[in-house]
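What follows is a single structure, written as structure tokens, with notes after it.
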Amino acid sequence: KGSPETVPVKSEGPKLVPFFKATCVYFVLWLPTSSPSWFSALIKCLPIFCLWVFLLAHGFSFLGAHSSARKILAGLIFSALGDAFLIWQEQGYFVHGLLMFAITHILYSSAFGMKPINVSAGLIIAAVSSVSYLLLYPYLSGPFTYLVAVYIGLIGFMGWRAVAGLQLANDLWTWTKLSACLGAVLFMVSDLTIAVNKFCFPVPHSRAIIMATYYAAQMLIALSAVECQDVEIARKRS
């Protein structure tokens with residue numbers, strides 16, 4: 001019999017099949033961004049809808065008992081709203097999408113929790129976030145000067161809380177903590193690519209990079225929620 005954290009992870013694969021199919025549909029159709037429509041919004045949001053179903057498939061009793069899973073589900077709901085707004089970003093809805101994802105990062109940060117603190121991880125991510133903002137700053141104007149600063153602060157904080165939970169040196173890690181950590185890092189890569197492409201200069205294959213890292217990030221963060229039952233039990237015992 002496998003360890004407590006490996007058995008659930010292996011059993012999650014079949015529940016993620018609809019997500020992988022929906023992601024393939026998005027990349028196969030590759031609808032042009034120049035003509036936004038409700039259909040293109042549906043195709044873009046479909047993989048995230050599948051992650052809602054993935055979490056709901058664990059049962060309402062599971063979600064009712066574990067606040068971390070509920071917060072991640074709420075984050076995925078705001079993510080889908082953000083995705084829809086960004087379909088119409090050229091029509092003036094970019095800030096709306098930014099706000100939805102800012103709420104997502106607050107929910108994810110809360111789900112990952114404040115223990116352990118892991119100051120060194122926080123300092124590294126603070127440094128990366130600061131350098132990212134300094135590189136973007138010359139290209140920002142108007143309200144984006146502070147909106148992007150706040151957003152980078154929020155996603156950086158979320159990344160810190162995800163990375164802080166991964167204690168490799170002390171051998172206190174689980175697959176789901178690793179999943180949360182990788183998911184947060186990929187989310188940061190995706191959003192930095194969006195920022196550079198929008199404000200600085202065109203990034204080659206930007207859309208493919210942004211969406212591949214984004215879908216992978218959301219899947220890994222959703223996967224990290226299914227282990228929260230064992231984590232919360234451990235917290236109560238400690």
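The backbone N, Cα and C atoms fix where each Cβ goes, glycine too.
The feature transmembrane segment is assigned by TrEMBL to 38-60 (among others).
Residues annotated as transmembrane segment in TrEMBL: 72-88 (among others). For the transmembrane segment (72-88), same-chain residues at least 6 beyond its ends with a Cβ under 8 Å from one of its own Cβ atoms are 33, 36-37, 40-41, 44-45, 48-49, 51-52, 55-56, 63, 94, 96-101, 103-105, 107-108, 111, 218, 221-222, 224-225.
If you look up TrEMBL, you'll see 94-114 (among others) marked as transmembrane segment. Within the chain carrying the transmembrane segment (94-114), a Cβ under 8 angstroms from the stretch's Cβ atoms is held by residues 67-69, 71-72, 74-76, 78-79, 81-86, 143, 147, 150-151, 154-155, 157-158, 161-162, 164-165, 180, 184, 191, 198, 221, 225, 228, all 6 or more beyond its ends.
Summarising the annotation, TrEMBL assigns transmembrane segment to 121-140 (among others).
As annotated by TrEMBL, transmembrane segment applies to 146-166 (among others).
Residues annotated as transmembrane segment in TrEMBL: 178-196 (among others).
Packing against the transmembrane segment (208-228) from elsewhere in the chain are residues 5, 8-9, 12, 16, 19, 23, 26-27, 47-48, 51, 54-55, 58, 66, 68-69, 72-73, 75-76, 79, 108, 111, 162, 174-177, 179-180, 182-187, 189-190, 193-194, 197: each is 6 or more residues past its ends and has a CB under 8 Å from a CB in it. Annotation comment: TrEMBL describes 208-228 (among others) as transmembrane segment.
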